[in-house]
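See below for the structure under consideration.
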Amino acid sequence: MDSLLEPVSAHSTATTPVNVTVTGAGGNIAYSLLWRIAAGEVWGPQQKVNLTLLEIPDAVRVAEGVAMELADSAFPLINTLNVTDDQTRAFDGTNAAFLVGAKPRGKGESREDLLSANGRIFTAQGEALNRGAASDVRVLVVGNPANTNAYIASKSAPDIAPERFNAMMRLDHNRAASLLAKKLDVPVGDLDGLVVWGNHSDTQFPDIEFLRAAQHQVGDQIDRDWYVGEFIGRVAKRGAEIIDVRGSSSAASAASAAIDHMRDWVQGTGGRWTTVAMPSTGEYGVDKGLVFGFPTVGVNGRWSVVEGLELAEFQRERIDRNIAALREEAAVADSLF
Ligand code: NDP
């Protein structure tokens, strides 16, 4: 089922519109994410976008409703707006794909069941991207288990360079930055040198050893017991904390992190560190191909992992725990497909 809404604005700009695909377009995260893309928060206030919303057949009507609301928002930057349940069409010519849709863990389902169900989705999407995506495509996987879903999608797209597949760990990074800014009583924008190593899961390692505030090292100002005993676990479990307090999931902050990630990928970070989960090329002893959260800077439209950091035993042990977990997930994925 396909539908094409009339372009919101009849006028095109001098530049070619960017083709953007969002999957899971009828879901909670997309309901926030789409508005911020349409407002120009990734490519800037002059850059038009062709937006394609992908949903599964059962939810495509919901996505149609979302598209109606987007049209009603009269964003001048939306050049075209499509809703489809056809993956081939959705990814044809795409320059940026936000892979948000994923199957949540059902009652009584094991992690293997979850990997298997999502493996099928991300294999098919990787293949569709491989067939049709633009050569400069950037793929950001948000749907969980994000790192291994990105691993599967990348493996299913052999003609697309692996570094064009990222998994989102920016929300973990932003959560860690926010807690640290509060602890240090500094503006969050003053912080740099933060990284959340590894997997977007309970093993993730928010690391403050290189933390700077207004360019000064501040990691040693942070109480070690708070850091090890409270902070690390709290960052990992922040999603559950939000559900407990708000009564529903952290969709708006997830969408915000997805915007941050894609904007920084496109526009760069001006030398500031962020966390990007991307296929390893062997950095810090991480197996080649595993999609791992690294300290990263964005330069000229590409990510560059911050290399050469000296790691203490405590850091090495936490990073190794993430390598082991992702190695296991990859082995399950490899055995399934
Ligand atoms: P959300 O939009 O809330 O979440 C989508 C995915 O993002 C989930 O895998 C979720 O993981 C993950 N996620 C990552 N970070 C966060 C965070 N901080 N807070 C919440 N979620 C986070 O899910 P909905 O169920 O509202 O919507 C999903 C949509 O995707 C549905 O409309 C469904 O029809 C669609 N879908 C599309 C597919 C496709 O395009 N092929 C395939 C499967 C589903 P977690 O589950 O761990 O919360």
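Using N, Cα and C of the backbone, Cβ positions are placed for all residues, glycine too.
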Exercise for the section: Would you identify which residue of Arg105, Arg138 TrEMBL lists as part of the substrate site it also attributes to Arg111, Asn144, Arg175? Expected result: Arg105
Problem - the domain 'Lactate/malate dehydrogenase N-terminal' (19-158) - residue tally per DSSP class, helix then strand then coil - result: 64 helix, 26 strand, 50 coil
Exercise for the section: Under 6 Å from ligand 1 by C-beta, which of these recorded positions make it: Gly26, Arg175, His200? Sequence order, please. Expected result: Gly26
Completion exercise
argmin Cα dist to Asn28 (NAD(+) binding site) over the recorded positions Arg105, Arg111, Asn144, Arg175, His200 returns Asn144
Practice task
Just jot down the residues in the same chain as Gly24 (NAD(+) binding site), at least 6 apart in sequence, with C-beta under 8 A of its C-beta; none if empty.
Solution key: Ala30, Leu54, Glu55, Leu99, Val100, Gly101, Ala102, Val142, Gly143
